[in-house]
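Reviewing the structure listed below.
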């Protein structure tokens with residue numbers, strides 16, 4: 001008569017009550033598929049149910065060490081061995097990527113979008129980039145932008161900025177020159193400087209960000225020789241608007257890649273509310289472009305939709321940048337939205 005350790009102890013005890021317990025041979029069964037059972041010749045002499053339980057428990061933990069080691073090795077092999085050709089190819093692909101990264105410095109593209117839409121060089125800690133936005137600016141007079149991450153991530157070009165700047169130069173060039181323009185979270189000032197270079201701006205625009213970005217914004221303004229068209233200014237989200245902003249009463253607000261830090265979402269929403277309140281309805285539009293990197297980024301959009309009217313902006317490059325989780329919206333006040341629908 002055999003007792004199987006793979007069964008519960010209560011089942012084995014039941015068998016012990018119904019049969020003889022003298023010199024039984026036990027079989028150790030592993031739950032791992034394909035592992036041969038281990039048979040032991042140890043005689044089992046149980047004096048009552050307690051004695052049988054004690055000997056059963058001891059027997060479970062007396063599996064030979066070599067058998068345990070073989071079992072562990074087999075489990076590891078089964079865990080990491082691909083079970084299909086597709087998985088094997090995927091594993092080989094990941095190995096190639098790891099080998100490439102370990103053998104050479106990483107190549108960082110700040111835009112994860114097609115090169116035709118946003119041709120940028122490889123990542124550099126600090127340096128100058130020249131961009132003509134696919135011919136929207138003259139090749140002989142491209143936008144010159146100094147990139148420097150020493151003061152923060154805003155010193156690097158980011159994908160949403162390229163998308164928004166391209167949209168302004170191609171689709172809003174004829175009308176945006178008459179607007180009063182402010183850029184939020186400008187970083188190096190990519191979007192507003194592209195507008196300053198490519199459009200006939202009548203009113204000097206304000207390029208805003210935190211204090212850490214002020215020197216970089218001023219440097220890029222001088223680099224592009226647009227001191228008469230743009231001015232750098234400190235604007236901290238959630239704080240009262242600077243007097244220069246209140247006096248400007250912007251009719252167009254540019255915001256690219258401002259959704260990246262969840263604790264700042266309420267502050268940004270407050271600043272958008274204050275900016276829209278400066279102008280009468282129908283006079284101020286926020287062009288908001290961002291790249292969804294986390295689920296929390298869409299929470300910002302849901303909150304904005306409750307506070308404002310948020311509509312997607314048509315763009316011919318949408319099939320390209322939407323595949324990279326880039327979104328372009330126009331944000332206007334709720335009051336404006338009501339008047340537009342009733343007129």
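Backbone N, Cα and C define each Cβ position, glycine as well.
For the ranges 48-75, 76-103, 104-131, the feature annotated in TrEMBL as region 'Disordered' maps to 76-103.
Checking the candidates 209, 274, 297 against TrEMBL: the one annotated together with 158, 185, 186, 187, 237, 256 at the S-adenosyl-L-methionine site is 209. The number of other Cβ atoms within 10 Å of the Cβ belonging to residue 158 (S-adenosyl-L-methionine binding site), over all protein chains shown, comes to 21. Least crowded of the binding-site residues (185, 187), judged by neighbouring Cβ atoms within 10 Å of its own Cβ: 185. Its Cβ placed at the centre, residue 209 (S-adenosyl-L-methionine binding site) has 27 other Cβ atoms within 10 Å. Cβ neighbour counts within 10 Å, taken over all protein chains shown, single out 186 as the most crowded of the binding-site residues 186, 256.
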